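Peer 1: Pasting in a structure now, in structure tokens, and then I'll have a few things to ask.
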């Protein structure tokens with residue numbers, strides 16, 4: 001009996017030690033430091049604070065984009081779509097898609113292609129009456145996106161809510177899905193999408209490397225990764241002006257328009273903490289992507305990085 005009690009006592013001690021180590025390991029993981037803007041915080045705190053930032057700014061997000069960039073963000077996003085060149089049947093994952101700007105442009109692009117093809121088709125047909133022409137357009141209407149689809153994925157439910165309301169208001173319904181999901185752990189199977197885009201979102205991710213690996217995983221072989229993000233200005237004079245504007249003007253705009261100085265102070269700081277164009281290019285390559293390059297827009301205020309899953 002004494003021997004048995006000794007064995008049981010030893011096993012209980014062993015179990016307590018295992019539990020203690022597991023608890024210590026969990027505590028250590030939760031306390032791993034990262035950055036929230038210029039502040040050092042735990043990884044868990046960063047996730048919570050970033051979520052709160054976008055929860056706070058969701059309803060003023062589009063207005064602030066126009067105000068902060070003086071409307072230039074529209075040109076940057078249009079440029080991204082021109083680089084993408086959507087084709088019929090393309091499946092797009094619009095990560096951190098929030099209020100839908102990239103996906104709406106994607107749908108517009110596909111619709112414009114469809115209209116162009118219908119016009120070309122009708123030009124080659126002779127002696128068409130107006131009812132014939134009208135019927136041709138009506139018959140094509142059901143397949144207006146020609147099998148193309150955009151999945152808008154965002155970790156922030158308030159951003160998705162605002163985006164969905166916006167899509168209904170603007171008449172976008174066909175070919176869109178709205179999914180709550182984490183860029184570091186996507187709720188999709190392997191090899192699902194032709195294109196993965198993330199616009200002004202990846203700098204807010206806690207583990208950028210993990211998000212890049214997930215992007216690679218969900219893309220089909222031959223699929224393309226496209227990232228539009230604030231970057232490092234390569235014009236010395238513009239860089240000085242940009243710094244003054246970023247730190248002295250943007251937080252003020254945030255306070256005046258959105259009644260939220262702190263969120264926009266963080267956004268400015270997060271831009272400065274983001275890797276340079278070459279550093280981010282190397283990170284994309286490390287995730288497995290091939291033929292990685294980037295294009296600077298507005299002297300490097302933003303950059304579009306591109307890579308392929310080959």
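Each Cβ is built from the backbone N, Cα and C atoms, and glycine gets one as well.
Below, the features straight out of Swiss-Prot:
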- 99, 154, 182, 183: S-adenosyl-L-methionine binding site (BINDING)
- 1-6: transit peptide (TRANSIT)
Peer 1: Under a criterion of Cβ-Cβ distance under 8 Å and sequence separation of at least 6, what residues of the same chain contact residue 183 (S-adenosyl-L-methionine binding site)?
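Peer 2: 95, 96, 153, 155, 198, 201, 202, 205, 211, 214, 215 - these are the non-local Cβ neighbours of residue 183 (S-adenosyl-L-methionine binding site), listed in sequence order.
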Peer 1: Excluding near sequence neighbours, so keeping only residues 6 or more apart in the same chain, what lies with its CB under 8 A of residue 99 (S-adenosyl-L-methionine binding site)?
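Peer 2: Those within reach of residue 99 (S-adenosyl-L-methionine binding site), by Cβ under 8 Å and sequence separation of 6 or more, are 58, 61, 62, 159, 162, 163, 166.
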Peer 1: For residue 154 (S-adenosyl-L-methionine binding site), name the DSSP secondary structure in the helix/strand/coil scheme.
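Peer 2: Where residue 154 (S-adenosyl-L-methionine binding site) sits, the three-state DSSP reduction gives strand.
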Peer 1: For the binding-site residues 154, 182, which one has its C-beta crowded by the most other C-beta atoms within 10 angstroms?
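Peer 2: Neighbour-count leader: 154.
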Peer 1: Max Cα distance spanning 99, 154, 182, 183 (S-adenosyl-L-methionine binders), Å?
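Peer 2: The widest Cα-Cα gap among those binding residues is 16 Å.
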